[in-house]
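Asks: Submitted below is the structure of interest, expressed as structure tokens.
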Amino acid sequence: MSEVTLKIEGLRKTYLAGTPGEVAVLRGVDLTLHAGEVVALVAPSGAGKSTLLQIAGLLDVADAGRVEIAGQDMAGARDRKRTRVRRQDVGFVYQFHHLLPEFSALENIVLPQLANGISQRDAEARGAELLALVGLETRAAHRPAALSGGEQQRVAFCRALANRPRLLLADEPTGNLDPATSDQVFEVLMQLVSETGLSALIATHNLELAARMDRVLHLEDGVLVER
């Protein structure tokens, strides 16, 4: 059995607890993700997909349950440890790329590496390597506004993988793209996962894309159901 990259047990999250507007979005979520595995997370808007990804990626905390990333138990972990694990072991991709508009494609990939203590030279080499993997080596000097939507999202993938994470969390990464571009970007994502051997949990409304992943998990009434 391959290494466990992400393990979640008994995750619970309620918003506005104790008020008339109380909403329990996660009601005991369990999930195990192995190295190299790509898993789809499917649910309607407002069902808790983003909340689950944020807790899994240490951007939010659950009311109950535990999260383990690459063998590191995050239960009760201090902010400093959570930040270190998030920077080193987790990569994020969102529906909207959130690239910094004043920086080039390459610079957008270099910056998170510098924040993680990587030298400028090594960060630029890693950025160039990733851009070449997604076919954008000739677009390295272009700012986001000069790139197409699909190109911007490919740069966002590269940025997410810049620090060589073990886990990629993607929230509707193709949701803002037309069908043809969405398919192309998804293929690039699968190529990157294959090249790096990381694990990926990908939230999507696109059932056709979901069916091409290793497993499909549906978030229903706050729990995960595999189909």
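Any Cβ shown, glycine's included, is placed from N, Cα and C.
Here's the feature list from Swiss-Prot:
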| type | residues | note |
| --- | --- | --- |
| DOMAIN | 6-227 | domain 'ABC transporter' |
| BINDING | Ala43, Pro44, Ser45, Gly46, Ala47, Gly48, Lys49, Ser50 | ATP binding site |
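I'm curious about the neighbourhood of these features; can you describe it?
Replies: Here the domain 'ABC transporter' (6-227) returns a mean pLDDT of 91 for the predicted model.
A sphere of 10 angstroms centred on the C-beta of Gly46 (ATP binding site) encloses 10 other C-beta atoms.
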Asks: By a 10 A CB contact count over all chains shown, which of the binding-site residues listed here is most packed: Ser45, Ser50?
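Replies: Selected residue: Ser50.
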Asks: Here are the binding-site residues: Pro44, Gly48. Which has the lowest count of other Cβ atoms within 10 Å?
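Replies: Among the binding-site residues Pro44, Gly48, the sparsest Cβ neighbourhood within 10 Å belongs to Pro44.
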Asks: According to DSSP, which kind of secondary structure is Gly46 (ATP binding site) found in, if we only use helix, strand and coil?
Replies: coil
Asks: Around the ATP site formed by Ala43, Pro44, Ser45, Gly46, Ala47, Gly48, Lys49, Ser50, list the extra residues of the same chain whose Cβ is within 8 Å of the site's Cβ centroid.
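Replies: What remains near the Cβ centre is Val25, Thr51, Leu219.
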